[in-house]
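Straight from Swiss-Prot, the features:
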type	residues	note
ACT_SITE	Asp314	active site, proton acceptor
BINDING	Lys20, Gly92, Arg120, Gln168, Arg345, Arg387	phosphoenolpyruvate binding site
BINDING	Lys20, Ser21, Arg25, Ser166, Gln168, Asp314, Lys341	3-phosphoshikimate binding site
Amino acid sequence: MKLITNKQGLVGAITVPGDKSMSHRSIMFGAIAEGKTVIRHFLRADDCLGTIKAFKALGVKIEETDEEIIVHGTGFDGLKQADGPLDIGNSGTTIRLMMGILAGRDFDTVILGDESIAKRPMNRVMLPLQQMGAKMHGKDGSEFAPITITGKQSLKRMEYHMPVASAQVKSAIIFAALQAEGETIIHEKEKTRDHTEHMIRQFGGEIEMDGLTIRVKGGQKFTGQEMTVPGDVSSAAFFIVAGLITPGSEIELTHVGLNPTRTGIFDVVKQMGGSLVVKDSSRSTGKLAGTVVVKTSKLKGTEIDGDIIPRLIDEIPVIALLATQAEGTTIIKDAAELKVKETNRIDAVATELNKMGADITPTEDGLIIHGKTPLHAANVTSYGDHRIGMMLQIAALLVEEGDVELERPEAVSVSYPTFFEDIRSLLK
């Protein structure tokens, strides 16, 4: 696919699609709650539609209208054995959180996914769940999907110190803890996104959060809710960077989620001298959201490491692109988690942007980016990773001559089916 190139002046306002993390969880909590849950501004992209499909297979009635998703909750105990394996496609969130949800059920389940899922590490979820009494294993006894879960296991409380900073692992343990006897205590390594914790409260449950320590009691019941999912800050990030690096641009992004565990990119943009303003922030059905305005800016290199990394882990590919247009060197470290995403994002970012003229050195846990470098035409690939594909389209906007051909552009539909249309809507 030929990408859009040689564009100046991205001007206008868009509303990015609903938050992917929250869309997944809204279906999950709607299913394990009792009564009806109504979800608006749900992300209708491949990953989240896969979560709907999985819960339908588990016997949950889910209706889809143009405006809403309506989940008729069954409670944990109302989930039924699927007729066959649950195929969750490309969604790491779905497989890992479902492992926690299904660990305490009284039926057996097999969960599988695409070739990318089959390469992603699952011991980080399986080991703590096994410690709680769950019985599960990967293919041929490995840690890789398909994952087989044996039902009718009695889950017990535990105290767990997380070896990695991962919201997916934390959430899987929380879902299992809700079905366990007693109180489970989780100690996070670093603060990660906390949508699961907030949704427990939104759906009428109880959870204690004190710094990096989380306490959750088993045996809780949830009640269906009405909710509006805010725009995904990870999707907004591509337009934030486009507005900062494309000459003559000013972009307004409306109804963007502003959960502080997700807004690390705002801090980095300001560190680099970028013009980013948040206005009209408000709480819509308990979720903080607002309008983000960015303008073309002169940028300088910076260092990105430590506890900010979990707050922007999914944005690092497009932050790396931003750094190619900043004066000086940008160093990103403590981000080894990027190697076990949909692809090895450290290598993918360096390889593809270097093809276009960037000066990026991959490291064991991050990237060293020397700016400012002009970008030129090249043939590039998404590696089947939605965030790499979208980042390369933003990079292509700066290419003045020739074509940028993207292999596997369809990956973008995992999280942002209307991405290319929204880019075109901002062109003068």
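Quick reminder: no glycine exception, Cβ is built from N, Cα and C everywhere.
Nearest to Lys20 (phosphoenolpyruvate binding site) in space, judged by Cα atoms and limited to the recorded positions Ser166, Asp314, Lys341, is Asp314. Taking every pair among Lys20, Ser21, Arg25, Ser166, Gln168, Asp314, Lys341, the residues listed as contacting 3-phosphoshikimate, the largest Cα to Cα separation comes to 19 Å. For the binding-site residues Ser21, Lys341, Arg387, a Cα-Cα cutoff of 10 angstroms around Asp314 (active site, proton acceptor) retains Lys341, Arg387. Listed in sequence order, Leu97, Ser171, His195, Thr196, Met199 are the same-chain residues six or more apart from Arg25 (3-phosphoshikimate binding site) with CB atoms under 8 A from its CB. Take the Cα of Arg387 (phosphoenolpyruvate binding site) and measure to each of the binding-site residues Ser21, Ser166, Lys341: the nearest one is Lys341. Ser166 (3-phosphoshikimate binding site) carries neither a helix nor a strand DSSP state and counts as coil. The number of other CB atoms found within 10 A of the CB of Arg345 (phosphoenolpyruvate binding site), across every protein chain shown, is 26.
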